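Found this in TrEMBL, in case it helps:
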{"type": "TRANSMEM", "residues": "6-26", "note": "transmembrane segment"}
{"type": "TRANSMEM", "residues": "38-58", "note": "transmembrane segment"}
{"type": "TRANSMEM", "residues": "70-89", "note": "transmembrane segment"}
{"type": "TRANSMEM", "residues": "101-123", "note": "transmembrane segment"}
{"type": "TRANSMEM", "residues": "129-151", "note": "transmembrane segment"}
{"type": "TRANSMEM", "residues": "163-186", "note": "transmembrane segment"}
{"type": "TRANSMEM", "residues": "206-225", "note": "transmembrane segment"}
{"type": "TRANSMEM", "residues": "232-252", "note": "transmembrane segment"}
{"type": "TRANSMEM", "residues": "258-278", "note": "transmembrane segment"}
{"type": "TRANSMEM", "residues": "290-312", "note": "transmembrane segment"}
Amino acid sequence: METTAFTAILDVSAPVLILILVGTLLRKRRIIDDGFIASGSRFVFAVGMPTLLFFSMLGADPGSIMGWQMPAFFSVGIILTFAFAWWLAGRLTMPNHERGVFIQMAFRGNTGVFSLALVVNMFGEEGVVIGGVFASITSIMFNILAELALSRYQQHSTFSYRALLRSIVTNPMILGVVAGISVNYLNIPIPKQIVTAGKYLGSATLPLALLCVGASLATSAFVLTRTTSLAMFIKIFVSPVVLTTIAAFSGFSDHELVYLFLFFGAPVAASAYVVSIAHGSDGKQTANAIATSTLLGSGVIILVAPVLLAFLSSIS
């Protein structure tokens with residue numbers, strides 16, 4: 001069982017890691033540059049990802065694929081990780097303005113690219129639908145919780161309900177999922193040619209996103225402070241292992257545990273850097289944590305996930 005799980009995880013992780021590595025090599029060889037990374041990332045966020053999610057929702061019924069229990073547990077898991085990081089940040093020795101950054105790095109993961117790519121590669125269309133729902137949940141929750149943490153600990157930062165609401169209702173990924181479900185529910189016909197073109201565009205999204213992730217690693221440093229290392233350890237190891245174990249004892253199936261581990265174990269999100277900068281941080285440690293957690297988080301998924309999932313399967 002353990003060998004089978006390891007092979008399955010490796011089979012779906014390897015293409016993702018290869019594309020990240022290709023992106024790194026292309027940046028090292030200067031075939032792609034910072035401009036490509038910036039424009040490519042904007043395209044993925046604003047066009048590619050919502051297109052992929054929209055057309056994947058057509059003809060799909062998320063309610064028939066999964067019950068409410070899995071997204072509910074996922075949401076609770078995010079809140080528990082956030083609460084633990086908040087509690088721990090208040091007890092560690094660090095400058096006050098770094099506490100919010102620590103909290104954000106401990107719970108905010110790159111679910112919209114890294115985790116989604118893994119579940120799509122593993123489960124196909126089902127992975128896009130369930131992964132799209134999970135990614136939409138994180139888009140909302142990560143924004144709210146990050147604003148709470150950073151506003152609490154940054155000197156010149158204030159919490160704005162209006163700005164937060166705007167960031168949620170205009171989030172392209174959320175709009176893509178909601179639009180797809182709405183068109184599905186209302187039985188609005190879409191010409192076959194548009195559907196085909198949309199799926200072509202959507203299919204280019206994840207490879208481009210992974211190339212941009214890899215290219216951004218080429219210029220990143222991997223030197224972390226003690227507190228940054230701890231936040232990263234919580235994000236890529238403690239959170240997925242503890243929460244997936246709780247999920248197993250709560251009655252979730254082996255199939256559902258794979259989804260939960262891959263989304264709980266996502267490396268630190270690239271958006272954490274942007275938000276940290278906006279709240280007055282220099283962003284250096286966040287950027288380093290993003291790069292390091294992407295590499296180490298991949299190793300955790302390949303090496304730890306099969307062992308944990310096989311163990312949980314044997315005792316459940």
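Glycine is no exception: its Cβ is also placed from the backbone N, Cα and C atoms.
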Grab the same-chain neighbours of the transmembrane segment (129-151) for me: Cβ-Cβ under 8 Å, and only residues 6 or more beyond its ends, written as numbers and ranges.
53, 56-57, 60, 62, 65-66, 70-71, 74-75, 78-79, 82, 85-86, 99-101, 103-104, 107-109, 111-112, 115-116, 119-120, 123, 157-160, 164, 167-168, 171, 173-174, 176-178, 180, 259, 263, 269, 271-272, 275-276, 279
In the same chain, who gets a Cβ under 8 Å from the transmembrane segment (6-26) while lying at least 6 residues past its ends?
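Residues packing against the transmembrane segment (6-26) from afar: 32, 114, 117-118, 121-122, 207, 210-218, 294, 298, 301-302, 305-307.
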